[in-house]
Each structure stands twice: as C-alpha cells, then as structure tokens.
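If you check Swiss-Prot, you get these features:
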- E245, R252, R267, E296, F336, R408, K414: ATP binding site (BINDING)
- K247: active site, N6-AMP-lysine intermediate (ACT_SITE)
Amino acid sequence: MQFSIFAQTCAALEAQNGRLEMKHAISVILPSLSGEDLPIFIRFLMGKIFPDWSPQKLGIGPNLLYEAVAYVAGTKKTALVDLINRTGDAGLAIEQFLATKEQTAFFTEDPSLAEVYAACTRIAASAGGRSQRERLLVLRQLFGNVSPFEARYLARLILGELRIGIGEGTVRDAIAEAYTVEPAQVEHAMQALNDLGEVALRAREGEEGLIHLSIAPFRPVKMMLAQAGTTIPEMLAAHGEVAVEFKYDGTRFQFHKEGKTCRIYSRKLEEVTDAVPEVGEALLGATDHDVILDGEVIAIGADGRPLPFQTVLRRFRRKHGIAAAREAITLVPRVFDILYRDGETLIDLPFQSRRAILSATIGPEYLAPQQVLSSAEAVDLLYLEAMAEGHEGVMLKDLLSLYSPGVRGKHWVKIKPEVETLDLVVIGAEWGEGRRARTFGSFLLACLDQGVFRAVSKVATGISDEQLQELYTLFKDQVIAESGNTVTFEPTVIFEVGYAEIQKSPSYESGYALRFPRFVQVRDDKAVEEIETLESLTTRYLAQKTQANGQPEFTL
C-alpha cells in the first residue's frame, strides 16, 4: 500500500460519524493488504508506529518536526508555529503551510507504508552525537516526498495522534469482521500479544491462528485496573466473599524473569529496570521460576511508613544518580498477582488460583498481604488498619475473576476516603488534541492568596465532549494572551474540582498540586472572592496528613 492511499483512507474515516461504518470500512481493506503491510497499516491507523511493548521509540518532538517541515517549505519555522497556534491542529496547519509553498521537491517519490515504516525505524535507531542531524535528514526526506494532504497524516502519525476517531475496539472488531472470527477471540489474542498488528496477521489464518497463544517474558502485558464507586456491601452481595488487600500509595510495575535475566516495566509498559535496580535484585532472588508478576513499588521512610507515590515516580523517571537515590530512598516491591510461570499463561485462571500459585512462587517477603473476608465489619477493620498505616485504602477483588489486561472493571474495586472538592478559578488552558483539537483540552486552576492567584493544578478529566464545547464558548472571549499551545484567561470562571489528595509540589506557584483532579461543575453561583485560599488549602493539606497518621475521619 502506498502512503497516499493510507492518507486517503484516514480522510475517509475522519469524515465518518458512526463506529459501525468505520469498522466496516476498515474490514473491507484488510484482506487486500500484504503480510508486510497489514501490521503496519493496523498500527498506523491507531496512531502508533511500534507496538506499545517495543523498546523502539521514535523520539521526535514537535520542534524537530516543525524544523523539518519548514525546511521543505523553504521558510522559517516561526511562520509554521504561528499557523499551528492559530489552528490548534499541527496536521492541518502543516497541510495548509505546505500547500501555500511552491516546492519542486514534492512528489519525487510516492513512498509506501513499508518505506515510511523503515524510515521511522531508522529514526528510532539513530543514536550518538549525530542522532539529531540524522533524524532531521530523514524527516526532511519523508516530507519532501509526500503531498501537503499526505503530510497532514504523516505529521499526526509522527506526533502519535492520528485524530480520526479510531479506537482499539473498532480495529479489533474490524479484524474480526475481515477474517470471520469472533471479536472475543481477537480480544483474547490482543491480551496475549499486546499488538493488534500481529493479531491481524494471526487472524488471517482464521480461528487456528488465534488459539493457543501465550504471553511470554519481556513482552509486557497491559495491566488490569480497578474501578471506584462500588461499595463494600455491594461487592460482598455480588460475590459472598472477596480478597482484601491494602491499596498502596506507590507505582504499579510488572516484573519479567527468564533464567537469570529480569526486566521491570512501568504502567505505561516502559522499561525501568535500570532506574530501580533493587526491585529487580529483590525479586530475582525471590524465585527460581520464569515469571511475569504484577505489583506495586512503594517507598518506605525512616519511620517505616510509606512515602508519597511521587517519591517512587521520581525513581522510575531517573536516568542518572541511581546509586545515590538508592541510598536515600528504600523501595520495596509488593506483588499481588502472577500472569505467567514456567511457560504457562495464567491470565485465564481465577484470581484465587493465581494467588495460590503466586504464594508458592515467591514466598512471603514481597507478597502483598491478603485476607479473604465475607463481612462488611471485617473489611471495615482492615480499611482502618490500612489508613492508620499510611496506605490509600483497600482493594477488594473477586476471587473468581480472570486477569483482564488493560480493563478497568467491577472485579477489582478500590475503597478510599470520599473524594473532596475545591472551588478554584480558571486562569488558563491548553489546546486539546485528538477529538479535543478545536477546544481547550486542559484547564489551569488557581487559589487566592492575598489578592493574588496562585496556580494549583490542571484538570482535564471528567469533562464530556458536550461540556468541552460549552466551555469553549464560555472561555473563547476571555483569552487575554496566547503562547504556543497555552492561553491565559481573565480569572472569572470557577470550577468545582474533585481530588484524591493535596500534595506538596514545586510545579505550581501555590506550592501544592492535586492528585487525580476531576472536573465536577462550573460554579456560577460563586464569586471569585469565594474560591479556595492558599491558607485554607494549607489547612486541608495538614489535616490530611493528620488523618494518614492514624486519626482518620471518613465515611465508608
């Protein structure tokens, strides 16, 4: 397939409104693709170049991309950036920008999908002092060989957001329709392979190609997620008894071991082995089996109590000074699930069976404590214990649940203190991406400090597409400054925002940040003078610390 045909396909899909129409349109194309093009087409369609688990990363930021496009157009990068600021969509802006320039280099070639993929592979492989130059040269060649229309989708692909409204579920169902297999079979294969491109290749073989698949070390699996909102009585009523574990204030990890080699992956499936060597060493010595384990890394303070999760997160992101950081902060793994052992895939076993295998695999030192309980009173007591020890709450797990990679469902439920809310004024925003490209995607919030607004946090979660349009209408005439992707508003609109925790943070002028901020509503009934003050925010922060130290007041 030529990239020009891929771009036309994207445009046709972008113009579609219905998911079923999109699914069918994709399913018609798939059987015509070669074995080489099929996985590339699938990944590109989802705005990806490499599988999520792949160590290959493109490493191209907007500035380098804009520099390459400006060179092809024979003009300055600032002119392109100005156009992007006005449109809010880099792909459309680049198309318009190149269309207005006479550039004889266009169409010297009509690259195929495979050629574009090969160029991206060269970019990902570039390293050393000349890597930036090498990447720029490849980008120039790519954009010099496509039309302005094709450049729209090439730019979006490189930036990782195709903006055509295609999700994993649509592609999954299109694969099923194209090759006459069940969507559930495609989903199961996706859970094992974590790459819909490879799943499509397997599906070409029919049902036989999708069965007997197994997960394997060093190919990370999306992590199963928990949902909030379900109560303790509801879980017990549904399941009779549940496994109850502490909900740790740490960072999720996946541990892979084969022989004497181990690797650790973050929730984003990025390898972080070198950043947290003590975790790998601990678990490597804890088992002789080849395994894939799921758990949480927590940081422990000198008093034996857990430290905030940002402490662990900083370690996960660290590239240098690992030895010194290791001396300063104690990291401990808490393992609560096992997905694979000695060649056997375990995700289709019930949780209680996986737990029994896990207990026999790593021993008690790093095993997350668990109790199987059947009464709300017993769960309440464990919840109190978790809070008193400085944890976030408890996890309730269905003993019969299978491991569903990447799924947030009712089989795992987190019980935490009720979410508090703050009233904060909106002082700025960032333009959105994807479906939010022509609206504001996230909003900057502030509290009041002696007549001065101090930034506290950004919020993007909890806002529906309809609300985004309403908020755009509300704010569009209140823009007082714009720079790059950010705008500044007159501080007149108040948001009520829920949050899980107030945290110390140098990232915002107030000195605080909100963990898991979520939009609740616009407070039209409040004046700006009534918003949260820095003093009251500090009071909330200190009270929150007191609760964590063993005097909690909460509602179950």
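Just so you know, glycine gets a Cβ as well, placed from its N, Cα and C.
Fair warning: this is a prediction, and the values are worked out from it, not measured in the lab.
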Close binding-site residues near the residue listed as 'active site, N6-AMP-lysine intermediate', where close means Cα within 10 Å, chosen from R267, E296, F336, R408, K414: E296, K414
Per DSSP, three-state class assigned to R408 (ATP binding site): strand
DSSP three-state assignment for E296 (ATP binding site): strand
Binding-site residues compared (R267, R408) - highest count of Cβ atoms within 10 Å: R267
Proximal but sequence-remote residues of the same chain as R252 (ATP binding site) (Cβ under 8 Å, at least 6 apart): M223, S266, R267, D294, G295, E296, V297
Listed recorded positions (K247, K414), ranked by Cβ neighbours within 10 Å, top entry: K247
Nonlocal neighbours by CB distance (under 8 Å) for F336 (ATP binding site), same chain, sequence gap 6 or more: E245, D294, G295, E296, L358, L367, A368, Q370, M395
Conformational class of R267 (ATP binding site) under the three-state DSSP mapping: coil
